[in-house]
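Notes to accompany the following structure.
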């Protein structure tokens, strides 16, 4: 009986591929055991493991299993491994805790961070570029760590790397919340309401340096720890799942894992938004309201919760073994699907000591660079990541401009689109790969199909909603159109009000025009609550009245859009999101199938570096630059240009169409070339899967996995 080593040492016995045919037809880059080693392993056996039966030409492969003890595969912490814990020592049990970790990561990094950026800018006197640097610190840390984590973690004890990574994420959340407890109370003076005509005060322009802005370094440290801790999740976590389940079910497990990562940001937006309705100093009373521009919510509470939860999730992950019981049976199936390179590099990767020292790192990178399928999949992933990062950042801004929504309404609507479309598309991608038994080039063809469908759906950006006319920006105060780029905020009706452009607070006049502020609308009376809870300004000299007595009125907020194309735009945006995420898990599965076992974790690390460097990091910058080209009205901060207030909807749609089509076409080209260059694997993976009918059903049963055989031998009759 073949024995396993205990502890953290690699398994001595590995599944063997034995092909009695010519050596040139059997050796591949990923053949991990040389012939001499195969002989030595089988020599102590007194008789063959099984005798293959000849059933004709179609019976080319025989699969035989031998049960063996697995003392090194118990779930526990060092010597403490009680029997009650072994019920979780299955792929499903590990998936449960891994999903919890990815959920917390998405909730913290992609949910809470995006929700509270404005609050910490206001609280700690940060500029936009400083908050942008805080957000990008996560990707910077990930890029720095991916190579080493993927390289050394792939050869090490993956669950322990994952557990320590989750602990780092928890520490990062606690560090991120630290400034709230060290910066003192938030003290702000509540000024009288300004904005109406004659009551508008001049704003004082000052550039005083605040010591609070130095807390950006603490925030960056927290984000850096987040990035370091999350690095093992999407490299080692994916490969650990793939190594311990049947190859046909691997996409479903990975899709479930990524779906949890997508649902995390949705929860982060909901919980973070609710916490921002609580004042930041929860024990202190304030006269501020949530509508006040000086309001700062309790942004820090969510980070304390996710930090504590991360510590709890890390404990069970640290207890998992190097390999789950029964994982040996799946090595042969993965090997049969692995991309074959027709060179002598198999002599390098077949060395059992390859990849365990830093001296092998350059050669490992070179072997991946020689794999054209891997390179093309990385580039295709970068194009998709650019679109996902850009649209997730500026999608709410697009909806806000097109449909004349408030920022909170646009974010909520975009969340309703992304959660079912992104989560559903991610899960369905893995489900379809399993349902249709896609292998090798078939997976890449599926990715190409999804990319082409989303490319066609992108043509919906040829349509746009007409912008609401704004007095002094797109229309004159008499309703006439203004030339593009010609601003006339001052008019005879408001010239006596002394309005300041720093006070931007749009109102909707009773004439259907939108005005820059109540002051620029010439409103005299202080706002009162209207029937719908909105503020209504009376006696507005710039708003014409339908009847003879008095001036018109204006309601706080933007005018409601009457765009009839809103449902069609939302449907096609939903389609774009669904088919973009639909290809994510199949593309990841194809990446795992085009490299050999020893380089899987390292390959995912390199792929994430390429995706982040060429996609996630520059994506928001590129889309932001494109969208800024459509700006009509910029914020005036004491003579300096701030953020954009009003966009030209038609130009925004056209620019997004050009950018989206460009990246989608590039992605389609990369997928098409990868499909063309993908070599047929040695033997038929479908034939191997067909020869295992009994395991197809057993592999889903956790109890069966615990009793799975530990040695596999395939004998081919030539």
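Backbone N, Cα and C define each Cβ position, glycine as well.
Unlike curated records, TrEMBL annotations are generated automatically.
Quick caveat, the model's predicted, so the values are computed rather than measured.
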Among 23-53, 54-84, TrEMBL marks as region 'Disordered' the stretch 23-53
Expected hit for transmembrane segment in TrEMBL across 183-203, 330-350, 351-371, 414-434 is 414-434
For TrEMBL, the entry transmembrane segment belongs, out of 524-549, 602-627, 628-653, to 602-627
Contact set of the transmembrane segment (94-113) with the rest of its chain, CB cutoff 8 A exclusive, min separation 6+ beyond the ends, reads 88, 134-135, 138, 159, 162, 166, 169, 173, 223, 226, 229-230, 233, 237, 240-241, 244, 253, 256-258, 260-269, 271-272, 299, 302-303, 306, 309-310, 313-314, 316-317, 320, 324
Contact between the transmembrane segment (161-181) and the transmembrane segment (299-320) (at least 3 Cβ pairs under 8 Å, separation 6+): yes
Query: With an 8 Å cut-off on Cβ pairs and a sequence gap of 6 or more, do the transmembrane segment (602-627) and the transmembrane segment (568-590) reach 3 or more such pairs?
result: no
Of the listed stretches 133-154, 253-279, 446-464, the one with the highest count of C-beta pairs below 8 angstroms to the transmembrane segment (374-394) is 446-464
With the cut-off at Cβ under 8 Å and a gap of six or more residues from its ends, the chain residues touching the transmembrane segment (133-154) are 109, 113-114, 117, 120, 126, 161, 165, 216, 219-220, 223-228, 230-232, 235-236, 239, 355, 361, 364, 598-606, 608-609, 612-613, 616-617
Secondary structure of the domain 'Kazal-like' (487-544) by DSSP, residue by residue, totals 0 helix, 14 strand, 44 coil
